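Written out below as structure tokens is the structure these notes cover.
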Amino acid sequence: MKADLILYDIGQLITSRELEENHIEILENGYLAIKGDKIIGVGTGEVPTSFIQFDTKFVRIGKKVVSPGLVDSHTHLVHGGSREHEFSMKIQGVPYLEILAAGGGILSTLKATREASLEDLIEKTKKSLRYMLELGVTTVEAKSGYGLSLEQEIKQLEATKLLNHLQPVSLVSTFMAAHATPPEFKGRTGEYVEEVIKMLPEIKKRNLAEFCDVFCEEGVFSVEESRKILSKAKELGFQLKIHADEVVSLGGVNLAGELQAVTAEHLMVITDEGIEALKKGNVIADLLPATSFNLRHDYAPARKILEAGVQVALSTDYNPGSCPSENLQFVMQIGAAHLKMTTEEVFKAVTINGAKAVCREKEIGSLEVGKQADIAVFDVPNAEYMLYHFGVNHTDSVYKAGKLVYQR
Ligand code: NIG
Ligand code: FE
């Protein structure tokens, strides 16, 4: 087959093809052949002439790193407003859950999101997606959960759906009305849980989300309430995610195992028994170390989780409260420095495991023949360097479905 585009003389080509024991393939002096939106050849050394025709475009990469387009598998992407006014409270030591209980936090963003029009949300979110693209991210999971009524949740999810067509980054949508109890249900969380359950069929009917997620946390939703919502969601054909063990270890991870959720997310305070539950249920641990960094909380015990044989993804958690940053490269750098993950584990966590965390591993997440040509080029001499030199954007260029969509 003839290629439209060939990237060649690639210093380091991280294909993210999975090898044994959490290793991934990294090729020296590699090439990628692309036709249309797909990869048709991956190898090392000289590019076989069978890929070349008179109008094949050649791009020489040289001493840089090429990886699959990064996947940010946990974000609260679409929201109104910002919360810099709470930042100084947090620095002075007021706990995250206390700010929420006092009507701030998620509830403050709730107000701003309800006040925003669909167009406002789209315009604001476009800016975040542009940052993400420039950081090498080509697929992003986006949760709702700042509307907290059927109509307002639909507005957020509609914004996500439209944004999928308005810019190059692909979005995977998650319904998360169980993010907090809205003020109109204050003191009646049980009733709000019933309300969320009633929303599910409508969201499904409108095809607005593939996943359902619940914030299972002390003072937010209990394990029993989470079980009610997630069981119903599963019955309706949603894939499941759960925010678990972020601040207090409640048992949300056991529920994830029991319901065979795709991911359990955060896990800063997960116990050994919780890790066992993830392993048994084949649940991916989606870790968000930039949230620990920003809230000055514990980091998830990534080494223990990895050594137990659980698959790990890394993501930003981008949201206006606990992690106001779209920077997945920074997350990778903290993944190395604070979660003590190896370079291969970090790249795996934001490529093929990120893809698995959003059930897209058949199409994206690795550079293999037949997969979509979502490719990030980083201006670094090797993969380790990218994790070592932190706080700057290393992206040189980004290809989405075979098309150049960003060039520094
Ligand atoms: O993942 N934990 C719940 N939700 C977000 C925070 C959302 C917010 O503070 O607005 C999180 O940390
Ligand atoms: Fe989150």
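All residue numbers here begin at 1 and follow the chain in the order shown.
A Cβ is built for glycine as well, from the same backbone N, Cα and C atoms used for every other residue.
Because the structure is a prediction, the values reported are computed rather than measured.
TrEMBL has this to say about the protein:
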BINDING   His74, His76, His243, Asp317  Fe(3+) binding site
BINDING   His74, His76, His243, Asp317  Zn(2+) binding site
BINDING   Arg83, Tyr146, His179, Glu246, Ser322  4-imidazolone-5-propanoate binding site
BINDING   Tyr146, Asn319, Gly321  N-formimidoyl-L-glutamate binding site
DOMAIN    65-405  domain 'Amidohydrolase-related'
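Location within the structure of each feature annotated in TrEMBL.
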residue : record                                  : Cβ contacts under 8 Å, 6 or more apart
His74   : Fe(3+) binding site                     : Glu141, Lys143, Lys241, Thr263, Glu265, Asp286, Leu288, Ala313, Ser315, Thr316, Asp317, Ala357
His76   : Fe(3+) binding site                     : Ala142, Lys143, Gly145, Tyr146, Met176, His179, Asp317, Tyr318, Asn319, Pro320
Arg83   : 4-imidazolone-5-propanoate binding site : Gly104, Gly105, Ser108, Thr109, Pro320, Gly321, Pro324
His243  : Fe(3+) binding site                     : Asp213, Val214, Phe215, Cys216, Glu217, Gly252, Glu265, His266
Glu246  : 4-imidazolone-5-propanoate binding site : Glu217, His266, Leu267, Met268, Val269, Thr291
Ser322  : 4-imidazolone-5-propanoate binding site : Tyr96, Thr291, Asn294, Leu295
Exercise. With the Fe(3+) site defined by His74, His76, His243, Asp317, which remaining residues of that chain have Cβ atoms positioned within 8 Å of the Cβ centroid?
Worked result: Thr75, Lys143, Asp213, Glu265, His266, Leu288, Thr291, Ser315, Tyr318, Asn319, Ser322, Cys323
Seminar exercise, completed: Taken over the domain 'Amidohydrolase-related' (65-405), the predicted model's pLDDT averages 97
Seminar exercise, completed: Excluding Tyr146, Asn319, Gly321 themselves, the N-formimidoyl-L-glutamate site's Cβ centre has within 8 Å the residues His76, His79, Arg83, Gly105, Ile106, Thr109, Gly145, Pro320, Ser322
For this session: Determine the binding-site residues, out of Arg83, Glu246, Asp317, Gly321, Ser322, lying near ligand 2 in the sense that the CB is under 6 Å from one of its atoms, and give them in sequence order.
Result: Asp317
Exercise. Do any of the binding-site residues His74, Asp317, Asn319, Gly321, Ser322 touch ligand 1, in the sense that the CB is under 6 Å from one of its atoms?
Worked result: Asp317, Asn319, Gly321, Ser322
For this session: Using the structure shown, find which entry in Tyr146, Asn319 (the binding-site residues) has the sparsest Cβ neighbourhood within 10 Å.
Result: Asn319
Exercise. For His74 (Fe(3+) binding site), what is the secondary structure by DSSP, using just helix, strand and coil?
Worked result: coil
Exercise. What is the number of other Cβ atoms found within 10 Å of the Cβ of His179 (4-imidazolone-5-propanoate binding site)?
Worked result: 26
For this session: Translate the DSSP assignment of His243 (Fe(3+) binding site) into the three-state scheme.
Result: strand
For this session: State, in Å as a whole number, the widest CA to CA span among the 4-imidazolone-5-propanoate-binding residues Arg83, Tyr146, His179, Glu246, Ser322 given in the record.
Result: 20
